[in-house]
Amino acid sequence: MSDENPLQPPWLNAPPVEEYPYQESHDLRVGPKLHPSLDGLLPYVGVWRGRGRGGFPTIEDFDYAQEIRISHDGRPFLFYESRAWLLDDESRPVRPAGREVGWWRPVLDGERVTDELEALMTTPTGIMELHIGKRTGTQIEFATDAVVRTATAKEVTAGARLFGIVEGALLYAQEMAGMGHSLSPHLSARLIRVAG
């Protein structure tokens, strides 16, 4: 293609792109300044690691370990990433388990930050959940507003999550509905801050 061709793609002959130029941080001491609308969520920013217990009417109970990273890039939302792995009876890793990414953001009323939150959570198993929630002090309660599934995903129809910072630890409980069962306990864990 010649340089005079108006249909020439913009990337042709362009210089290489450098690495992503903006920082994301789970540590409030480094990186971008936390957006003021996130002040109420500040205690959650960090890297958390711990153990939990899971189950559901259609599966056997199980023990797991988990790492949750909650970070920001200076904009008015938090990035949430969770990865878990199953543990055997002697607390040794068995295999990777649940993985999830998402975004939490406060709801604004004009310029005023409310205690209401919106969260979008997605899994590699084909499930996307839109949550609405409310923050009360250091506690957050989410409930699904909508669940979208791929054709091959398990039938998950609703969910609820309760997060809290208790004595410096991140605790949560998660309920799920699906596969013919109403909202039932699914996961609960206690994680300690390891960075941030």
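Glycine is treated like the rest: Cβ placed from N, Cα and C.
Look at TrEMBL and you will find 38-193 tagged as domain 'THAP4-like heme-binding'. Summarised as a single figure, the pLDDT of the domain 'THAP4-like heme-binding' (38-193) averages 98.
Under the heading motif 'GXWXGXG', TrEMBL lists 46-52.
Sequence-distant neighbours of His186 (heme b binding site) (same chain, 6+ residues apart, CB-CB distance under 8 A): Gly54, Gly55, Phe56, Gly159, Gln174, Glu175, Met176. Reduced to three states, the DSSP call for His186 (heme b binding site) is strand. Residues or ranges marked as heme b binding site in TrEMBL: Thr58, Lys154, His186.
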*Secondary structure content of the motif 'GXWXGXG' (46-52), with strand meaning DSSP E or B*: 0 helix, 7 strand, 0 coil
*Report the residues of the chain - excluding Thr58, Lys154, His186 - with C-beta within 8 Å of the mean position of the site's C-beta atoms, for the recorded heme b site, in sequence order.*
Phe56, Pro57, Ile59, Val156, Met176, Gly178, Met179, His181
*Maximum Cα-Cα separation in Å among residues Thr58, Lys154, His186, which the record lists as binding heme b*: 14
